[in-house]
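Enquirer: Here's a structure for you.
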Amino acid sequence: MDCHLSILILFGCCVLSCSRELSPQPSNEVNLLDSKTIQGELGWISYPSHGWEEISGVDEHYTPIRTYQVCNVMDHSQNNWLRTNWVPRNSAQKIYVELKFTLRDCNSIPLVLGTCKETFNLYYMESDDDHGVKFLEHQFTKIDTIAADESFTQMDLGDRILKLNTEIREVGPVNKKGFYLAFQDVGACVALVSVRVYFKKCPFTVKNLAMFPDTVPMDSQSLVEVRGSCVNNSKEEDPPRMYCSTEGEWLVPIGKCTCNAGYEERGFICQACRPGFYKALDGVAKCTKCPPHSSTQEDGSMNCRCENNYFRAEKDPPSMACTRPPSAPRNVISNINETSVILDWSWPLDTGGRKDITFNIICKKCGWNVRQCEPCSPNVRFLPRQLGLTNTTVTVTDLLAHTNYTFEIDAINGVSELSSPPRQFAAVSITTNQAAPSPVMTIKKDRTSRNSISLSWQEPEHPNGIILDYEVKYYEKQEQETSYTILRARGTNVTISSLKPDTTYVFQIRARTAAGYGTNSRKFEFENSPDSFSISGENSHVVMIAISAAVAIIVLTVVTYVLVGRFCGYHKSKHSSDEKRLHFGNGHLRLPGLRTYVDPHTYEDPTQAVHEFAKELDATNIAIDKVVGAGEFGEVCSGRLKLPSKKEISVAIKTLKVGYTEKQRRDFLGEASIMGQFDHPNIIRLEGVVTKSKPVMIVTEYMENGSLDSFLRKHDAQFTVIQLVGMLRGIASGMKYLSDMGYVHRDLAARNILINSNLVCKVSDFGLSRVLEDDPEAAYTTRGGKIPVRWTSPEATAYRKFTSASDVWSYGIVLWEVMSYGERPYWEMSNQDVIKAVDEGYRLPLPMDCPAALYQLMLDCWQKDRNNRPKFEQIVSILDKLIRNPGSLKIITSAAARPSNLLLDQSNVDIATFHTTGDWLNGMRTAHCKEIFTGVEYSSCDTIAKISTDDMKKVGVTVVGPQKKIISSIKALETQSKNGPVPV
């Protein structure tokens, strides 16, 4: 007992110092039993009674606690049991037992080596109810044997320091309503400082705005999936889930909730947006301040209300400022050309805060009293359109001549229809010029005699101005207009005398205004005898029937004669009966099965040629979207063509400008007549023409990438050599087709090649194949015409000798343009210098990185003797071989192997000729690189001469094109220093 007392006293002193190091209990542990928290005696069952003893002590807060100890180390065969009271399981599936104890080292106790132990045993028993003091050892199941990590000795007793051990054991699963714990001593000197029994749970938490309740793990083998619920004012974006582990930890968060519109995430809640702020959509976004000209007055707003006279269009996002309609357009200017007018105006001063401004044109036809106006005829045309204009100009055509019009130009934006104020428009009134009148429709015979006839007629339906007089043209029918007489009449009647008796005369009448004569009326025939009648008019159908019957009789007679002759066996030739016959029409001999180009200029009437080779389109099937440029004859527009039962396609539309001359009309229709004869994938395709309404239009397929030269300059050094050769092959194939048809283009250049989105090149611009008067690339020759000398062969420049061989020369220039990515041939040399240099045998230099085979093809195309140039058929064959053998395109001509008769390549600029880096870069058209080189170590010409491709990348020259030009120029400098300058 003395030993017991010493242990108790020392334990009471020691627990204080050891307990202060304890950490707080984790939040995921739920205590079922904690001996330290029990007030008063624990009341556990000790068996036998002289075994475990309950003693008192204090914790680190000097709070009394009850503990048990045993130290019967002197006696053999100890079997001392200590059982706790019945502990309810609650919701636990697995429990943990935490023991805090001290244990004495047996070696520190004399004379106990055979009886002292340094372990004790832990047991448990499940039950559905409390058994009271009843205790049966065999009902308990052993959990584990507990050993101390540290034991105390006699020296520790002297220092009054005891070493506290903590052991935790896991028990489970437990299924009954409660359980007991038991401690078996078999001869140790041990003190149970505290016993804590607990289970683990995943505590309530909020994750991704989802609440997860307290969750107890089910067993030790699997995770428990828990479905979360969204916090207030939020909704599921993805179903929120987490997994509760056996250690009471939440794992693997999946899904989330997001705050509703009008609320934002603040910590673990969704908080309403305060006044002046809004949130339009559910999600993670924060509340945003109301945009200009809008506000909110309450919490939780999903959008902001616009101020008075400000609006938000249906498709405007809530983040967009409220806007208002624009003010009226300004500075309207009209430019009248006969029966058309071009209207120009300035943008409104106030756009209302929007960019989607469009303009509508309201057309009114007014009498001479301006207040009496009515809507314009639907025949009036607006180019590009009447409504929804995005540019500040429109062309109005097909107006009536000598008529008052008022045009109101509305400025409209996306909120105009929401506003109540009146329309915002600017108005301009015009009077169209007088024009030639429409034809006289009917001529009436009033009276006649043997030598005279009196005629009358009505004023033209559309006088288009003030009628000044009428021109009466007449001739004897039998003369067939070889000899005719013209007289003028002031009014709508005339008496013609001095006629031959009993003779039929043909009459035509046309009216004249200040703008000129109108079209002649149709022909009317009258006989100057008292019984004559009009062949045109009511009796015309009788005459036509009689003529038709006579023709039929003649044809029948001829056919019968031929058949009888054949039946009788008479032959005028020995040719077989199935001999192909040749047909003559329009002055051209046509061979069956052979397609040959027909020059439309040989037709007397260009309309006849265009109708023979081109399809007439209905203007209502064409929609013009926008004007994209101006051509030789008028504007060039993009638009859409929708033919019945066919898919809508994009097209390019050329219009004939208002006030055209007859020559311009012939040339315009001539271009369509030329294109209409071609059918090849590398020739621009003609969709049709519009000639029966104004404006006259040529409609072709639409090429998205525009002209080849501009396209290549825009995409400098961005294509492989194979891609470039593919483009060149397409051009050569199209030119072979033209050459086979006997057509000479005369103006083959990269600017006249169009390229579509699939990089297919097509030859175009046939309107300049005859006349090039307006071409900026043209130069005067000795014959007085204009030709594009930079692309034209020497014989064509000197003698106007255009052939397929001269087109081959031009193709060589196009080849050079393609390989140099749209460089201007001969750069800034004057046209006269170009002619002189070519005549002296100089040729364009090798483009940078150009394969040797392609440059040789260029030189072949530039043979001075046209008979030595390749045919287009040969060019196509050469390019096909190169495409099939791409390795041959990797051979680059060295500087030493180049011909000596080359012009100086201006892409390789001599650094020595410039004083500054900027001058040198300007010379290579890489001035945009000047800022990059300014201030770096390569700011002088001497240092730049040593630069490499990697160095250029470091300073910011990352585009391949400028890199190649600079490196090529440096290499040229090295070559010139070794071999001398290249001749010019």
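Glycine residues also receive a Cβ, built from the backbone N, Cα and C atoms like all the rest.
Annotation source Swiss-Prot lists ATP binding site at 629-634, K654, 701-707, 751-752. Here Swiss-Prot flags 29-207 as domain 'Eph LBD'. Here Swiss-Prot flags 436-532 as domain 'Fibronectin type-III 2'. Annotation comment: Swiss-Prot describes 912-976 as domain 'SAM'. Feature annotation from Swiss-Prot assigns N-linked glycosylation site to N232, N337, N391, N404, N493. Per Swiss-Prot, the feature phosphotyrosine maps to Y597, Y603, Y702, Y780, Y938. The annotation signal peptide is assigned in Swiss-Prot to 1-20 on the grounds of similarity to another entry. Here Swiss-Prot flags 542-565 as transmembrane segment, drawing on sequence analysis.
Could you place the listed features in the three-dimensional structure?
Expert: Counting only residues at least six positions away in the same chain, the Cβ atoms of E635, V636 sit under 8 Å from the Cβ of G629 (ATP binding site).
Mean pLDDT for the domain 'Fibronectin type-III 2' (436-532) in this predicted model: 87.
Non-local neighbourhood of N232 (N-linked glycosylation site): I269, C270, each in the same chain, at least six residues away, with C-beta under 8 Å from its C-beta.
Other C-beta atoms found within 10 angstroms of the C-beta of N337 (N-linked glycosylation site) number 14, with every protein chain shown included. Under DSSP, N337 (N-linked glycosylation site) is assigned to a strand (E or B) in the three-state scheme.
Applying an 8 A CB threshold to same-chain residues 6+ apart, the list for N391 (N-linked glycosylation site) reads P384, K626, V627.
Cβ neighbour count for N404 (N-linked glycosylation site): 18 (other Cβ atoms within 10 Å of its Cβ, all protein chains included).
Within the same chain, residues at least 6 positions away in sequence whose Cβ sits under 8 Å from that of N493 (N-linked glycosylation site) are D446, S454, L455, S456, W457. DSSP gives N493 (N-linked glycosylation site) a strand state.
The Cβ of Y597 (phosphotyrosine) lies under 8 Å from the Cβ of I674, Q677, L738, M741, G742, Y743, each of these being in the same chain and 6 or more residues away along the sequence.
All chains included, 20 other C-beta atoms sit within 10 angstroms of the C-beta of Y603 (phosphotyrosine).
Of all Cβ atoms in the shown protein chains, 19 besides its own fall within 10 Å of the Cβ of Y702 (ATP binding site).
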Enquirer: Sort out for me which one of F633, E704, G706 has the most neighbouring CB atoms within 10 A, since those are the binding-site residues we care about.
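Expert: It comes out as F633.
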Enquirer: According to DSSP, does R751 (ATP binding site) fall in a helix, a strand, or coil?
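Expert: Going by the DSSP assignment, R751 (ATP binding site) falls within a helical segment, counted as helix.
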Enquirer: Quick one: give me the count of other CB atoms within 10 A of the CB of R751 (ATP binding site).
Expert: 21
Enquirer: State the Cα to Cα distance, in Å, between G706 (ATP binding site) and N337 (N-linked glycosylation site), rounded to an integer.
Expert: 31
